[in-house]
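Novice: My questions all concern the structure below.
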């Protein structure tokens, strides 16, 4: 199972039912909607299509709303484009004007108060660089030297590297978009241009007003956000490393190390992190990724990212399906090359000790040492699954939850396959439900060793405190269990006591109709006892209880239906007999 999740931006190239189905089948886990473009009506159409196709395919696909954010842009230019030439001067005005090579204006009126002489102003993703030469507060104009030539079109982005700006956390448009997202029950909000914790709290305030359970992932795109990352993460559910604007706001050569540090801090807290922007950028035009792009994706996975994101590749590119397949193949290959033993050791040192983390560490170590097929996390809120994912186990993580909302929010978490399963909330019912669901996914089958982890008492968020080891097998018989032990052994069917004489019973489970005092010396040497006679006061029950031997009585036609030399598990607590090694310890 691929562990790294894939986020795809849905746009004109991918909004049809046919293409969304192809993206889901290729590996899309989360659909991103970029609210810098498009109307609410357009986005609603995309949301409806995504959910319709996901339901038809019986797949869980989450939806991420990416806000436009409090960005700075230029106003319109004369004839839609102007030419700025190196060595010339240009005035940046705070009052809206039609742009010319001598003067243009920006949407952010306080820019004049934030910059100083010597500050740099970058236009159009850094393609044009200006340096502030003079500031005229009376005219609300900033005179700049043009450091390199280029064409400037309408409404291009403006970046102020190294400058602390006083932009609001979210704009009115963002607030309207978030309320729309709440109405449409989106799963994640990616908040653009977050600089400080208060920016995230402004979004949380809107969510709390509407009682909406939506995860907030700030996008770190500037130096101020990088500087405040610890405080930002404290109030966030996850993070997006948005390398596009970040590579303009800070020197490009620093981006790789910043990426590693941001991912590491998320890993330490167990919060999901998405690495985004230009990951397979050439696939907007070409059917194959470059070698550098393949290395970029793989290295983000080695850094510890939970998810990798496609932007223009799927929104407007010529090869959206191929881009997702390429991303999937790179992820699978990178994951296969991981040293999971070293990864677990590194994560154990990285993450702070707590009760919940102790369970996560125990599960991950046990899964590694026993080479378990899957870890089944029974979870209400997704917390259990995230706790396990934090330690990057090699085993698949199957998150069994009664909540569709929780399942979708687990879609972004590394290594987690969410499954919606309703069920009773007693501990026994929860365990049985978890095992049955794991088998239904096709990830585990009879004879596979799995770990079940959950919180007890059930139904309470954030109480992960239980781990059980379980070997999957078919139930072949049941009756009344004596004691609470469990045992695995090979059956020896005895119609009379003579069938036991001279036999090594040290690894045997005796199967018989009933017993008397002549059986007792042999039963004492056996691992377990299965009989047809009924009742807790029957000789079989009394002997089993006195000798402390896992026993099941009242098993109909046990002698006839249970074969000799069959490996079975007796679960006395439940009065069940399983074929194979299916012990719950």
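The count begins at 1 with the first shown residue.
For all residues, glycine too, the Cβ spot is worked out from N, Cα and C.
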Novice: Using only what Swiss-Prot says about ATP binding by 34, 35, 36, 37, 156, identify which of 2, 56, 73, 179 is listed for that site too.
Specialist: 73
Novice: According to Swiss-Prot, 32, 244, 245 bind substrate; which of 67, 74, 275, 277 is also listed for that site?
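Specialist: That substrate site, as Swiss-Prot gives it, pairs 32, 244, 245 with 277.
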Novice: Counting distance between Cα atoms, which of the binding-site residues 73, 156, 221 is nearest residue 32 (substrate binding site)?
Specialist: 221
Novice: If we count other C-beta atoms within 10 Å, could you say which of the recorded positions 32, 37, 219 has the fewest?
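Specialist: Candidates: the recorded positions 32, 37, 219. Fewest Cβ atoms within 10 Å: 37.
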Novice: Can you name the residues of this chain that are 6 or more positions from residue 67 (K(+) binding site) yet have a C-beta less than 8 Å from its C-beta?
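Specialist: The answer is 35, 170, 174, 177, 178, 189, 190, 191, 192.
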Novice: List the same-chain residues at least 6 positions away in sequence whose Cβ sits under 8 Å from the Cβ of residue 244 (substrate binding site), in sequence order, or say none.
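Specialist: Listed in sequence order, they are 125, 221, 276, 277, 278, 311.
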Novice: For residue 36 (K(+) binding site), which of the three DSSP-derived states applies: helix, strand, or coil?
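Specialist: The residue in question, residue 36 (K(+) binding site), is coil (DSSP, three-state).
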Novice: Within 10 Å of the Cβ of residue 245 (substrate binding site), how many other Cβ atoms are there?
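Specialist: The answer is 23.
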Novice: Where does residue 73 (ATP binding site) sit by DSSP, helix, strand or coil?
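Specialist: Going by the DSSP assignment, residue 73 (ATP binding site) falls within a strand, counted as strand.
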Novice: Can you tell me whether DSSP puts residue 66 (K(+) binding site) in helix, strand or coil?
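Specialist: SS state of residue 66 (K(+) binding site) = strand.
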